[in-house]
Amino acid sequence: MAEKIRITLIDNSEREVLQGTTTTQIAASISTSLAKKALAARFNGQMIDLSQPLLEDGRLEIITAENEAEALELVRHDYAHILAEAVQKLFPGTQITFGPVTDDGFYYDFAPKDRPFTEEDLPLIEAEMRKIIAQNNALVREVWERDKLISLWESQGEKFKAEWAKELPEGQELTIYRAGEWFDMCRGPHLPSTGKLDPKAFKLTRVSGAYWRGDQNNAMLSRIYGTGWLNAKQLKAHLERLEEAQKRDHRRLGQEMDLFHLQQEAQGSVFWHPNGYTIWLQLEAYLRRRMKNANYKEVKTPQLMDAALWEASGHWGKFRENMFVVPDEIPSTDPDKPVLSGKGNLMALKPMNCPAHIQIFKQGIRSYRELPLRMLEFGCCHRNEAHGALHGLMRVRQLTQDDAHIFCTAEQIVTETKDFVNLLDSIYRDLGFTSYAVKLSLRPELRAGDDELWDNAENGLRSALEQVGITDYEELPGEGAFYGPKLEFHLTDAIGRTWQCGTLQLDYVLPERLDASYVAEDGSRKRPVMLHRAIIGTFERFIGILIEHHAGRFPLWMAPVQAVVATIVSEADSFAESVVEKMKAAGLRVVSDIRNEKINYKIREHSLTKVPNILVVGKREAEEGKVAIRKLGSRDQIILSVDEAIALLLEEATPPDLK
């Protein structure tokens, strides 16, 4: 007879059940409605299927749609499997690879027999997926011996699945999930059946190419993306967000507003146009003022440095593949045969600024009286990102960071963290962001330092957060770097998307590797703690975020063109030009539009480029020395004298830190 086991439920109530009882049975014993709503379970911290037998004492949480994060993970996983099944039914001979869940959906990579998939195939595949959902096939977990599964894959011509399985240890048991006749290798868990999915809550969105295992030397596959939700209402809301995101796409607005461009000859590097660079300069000037007021010392360090420094810092071993490396060469008389200098040294463009900042710290003898030392650089770095990963301003190869490093003692960590978080919060609010989430990455399994060091570091960050009123942060066990815990700050933009921008990383290792020290109060030499910190991250990416957050409608202090003086008749041209000159002299960024075009055409054109203010002048305004101010997006206008208009615009155009 089966033994009894003790199951603790989420409300801490306990039940004794027979060993081998399933979550389905336990849910049914609680209530019929719970049994119907149940999707999966978490048992002793592990996600499991409802049908998986429980073999030991443990804590059980029954997952329903109310557990939205877990439920979405489950349904998207199932949609990916159903996508693969549908494709193989419609396109016989297609080989399957893998299909993970993404932030808002799923994708699956295929090796088609005849041709790559196109967007024209998607409606047909969607229809087949709905048929599979309607069949309500049970999703059954099976355990197979590795070698038998490999033989099966090979007999079916599934070379990619077979290749993957062959790399797993011999004798290892593998799990598959079967839905009717179709199955796929998968760890699970899955919903009880395909009928648990809402057939109106998913949509296939696009296709692309992808290399097998992400290696360009491997076969090119066809990737199909989809988005999946718990119900049709969620899908509709998501598609509306996507539509809004497309309207705000920084690449489209960047072109419409003449901010920047990218081109093939400089992949991953940005050509900033005058309008875009004006935004950059305003942002940089604002940050420079804020950092100066917070007692940061700005520095400038070389972009090209010897590989020996990167070896000493540890970046060479861990980051070399992402670095642009050049030999230290001396040109020869034969242009086809460059001659290496004596040692044939390798140089590398810096991917980050921290080793260079330590070199400045090491110049001369540092005293504890100088700490904390806050060192800032708007440092240009280069990272050799894969071509396929590049994306507008959001992922580039040449990037400029608002990078700073705080050298301090262990006792100063809490105070410095508090000051940093307060500064970050103030800057985000100035830039139009009122909401952000905080995550604390904790010690990984492999780490430098002992448990006491990590206890103090992690508790110090917790204490600092709580002292500034942040109590709902998320802890991420095992996600910290090997050299220290980290805080991450994730902004929420105007349409609800999150962007990880700010970081504060404790580092006990790099100062030791690069032999940084200071003279302590007792005369001994000690290592400083190094706090790597950023607020906006990189200028390129953050400006992309700003463009999309504001939909191109920048606050006046940051707008590249703050006003256009547009004429109705040619008799007002000279007056318009005099207004522009007077406003420029006052410090405003203003241009004139005296073209022989109708005023409505001019207004429409400048509205498309998101100019915040259009100052309309006709014959009457010119005679009276006035302008009619029309705000972007408004049909109303106010009539002011030129001096009144200048005063109004100057007040609105004052950066938030100078008000």
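Backbone N, Cα and C atoms are what each Cβ position is placed from, and that goes for glycine too.
Positions annotated as Zn(2+) binding site by Swiss-Prot, on the basis of sequence analysis: C354, H405, H532. Summarising the annotation, Swiss-Prot assigns domain 'TGS' to 3-64 and lists sequence analysis as the type of evidence. The annotation region 'Catalytic' is assigned in Swiss-Prot to 249-555 on the grounds of sequence analysis.
Within 8 A of the CB centroid of the Zn(2+) site residues C354, H405, H532, the other residues of that chain are M352, N353, H357, D403, A404, Q505, D507, L510, M530, L531, R533.
Candidate binding-site residues: H405, H532. Fewest other C-beta atoms within 10 angstroms, H532. Summarised by DSSP class, the composition of the domain 'TGS' (3-64) is 14 helix, 25 strand, 23 coil. Averaged over the domain 'TGS' (3-64), the predicted model reaches a pLDDT of 90. With a cut-off of 8 Å between CB atoms and residues at least 6 apart in sequence, the same chain places S313, D403, H405, D507, L510, M530, H532 near C354 (Zn(2+) binding site), listed in sequence order.
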